Amino acid sequence: MDSRANMTSFDQKEINWDKLDKTKLFVVGAGLFTGVTVALYPVSVIKTRIQVASKDNPQKNALAVFRNIVKVDGIPGLYRGFGTVITGAVPARIIFLTSLETTKVAAIKMLEPFKLSEPVQAAVANGLGGMVASISAQAVFVPIDVVSQKLMVQGYSGHANYNGGLDVAQKIIKADGFRGLYRGFGLSVMTYSPSSAVWWASYGSSQRVIWRLLGHNGQYEQTTPSQWQLACVQAAGGIFAGAVASCVTTPLDTIKTRLQVMDNTKERQKARQVVKNLIAEDGWKGLYRGLGPRFFSMSAWGTTMIVSYEYLKRLCAKVED
């Protein structure tokens, strides 16, 4: 008999950190993260351009921006800054996943005495894990974000042109010192930490609710979900999580992006001034510039990544004697 039949349903659906072969996880995961980044990177470029478009720029919807990029720069234009991103993405993801999984395990143990319902416990544990993981990864991710976003918008809406990521970094350091590479760090933490917390909390709790709606309450002994069922439930949870997280955090992401792509030679604006400018240009909806691409990116990235990641965890699970 398959040994998985002796596990409870939620143990089957989730594999804890201590049961994983970390070396295998990181090596295979690096390839996985690279593949997903290649597929979804153009959406980030489009979102960033929408967020930094000037008041008089007519290209403020995703399709118009896409057409303009392809017309002017061809397909390579959709991958501006990609080399910089992929260089930092792998170490950042390793830090993220290590922090996420270890925090989730610690949080679940901490919550056991409170006898919370499974969806609530999952939401809290996953949310804490996502928040801590995001904060930990920002030290690597923010400089990469600053450089790549300047490459994404170079020559667009009055932004300067550069000769690659190294040129961007050198000019930032010359103008503002190393702290220039961390421009928007506070807003990045304020954006990505809540975003990550909301995403993982929504994902963790929605999974439990979906399984219960499907009649799986964690009590059965012999029946286990099929790989297809696991993938579908995880995908549904990812879409729901992406919708919630994008709606909650897009205003902060828009402000952060504008601060990070600001020309180094101009007087630096504060977040408050950026908000005033956005409202003056488009009203309050200006804070939600790029919501469509951000929702698509968070849902598509999250769904693809979570299904692949959960499969990867099962692939990298240690075989028990």
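A Cβ is built for glycine as well, from the same backbone N, Cα and C atoms used for every other residue.
Automatic, uncurated: that is what TrEMBL annotation is.
Marked as repeat 'Solcar' by TrEMBL: 22-106 (among others). Averaged across the repeat 'Solcar' (22-106), the predicted model reaches a pLDDT of 86.
TrEMBL lists 121-209 (among others) with the feature repeat 'Solcar'.
In the repeat 'Solcar' (229-315), the DSSP tally of helix, strand and coil residues is 75 helix, 0 strand, 12 coil. According to TrEMBL, the feature repeat 'Solcar' maps to 229-315 (among others).
If you look up TrEMBL, you'll see 25-46 marked as transmembrane segment.
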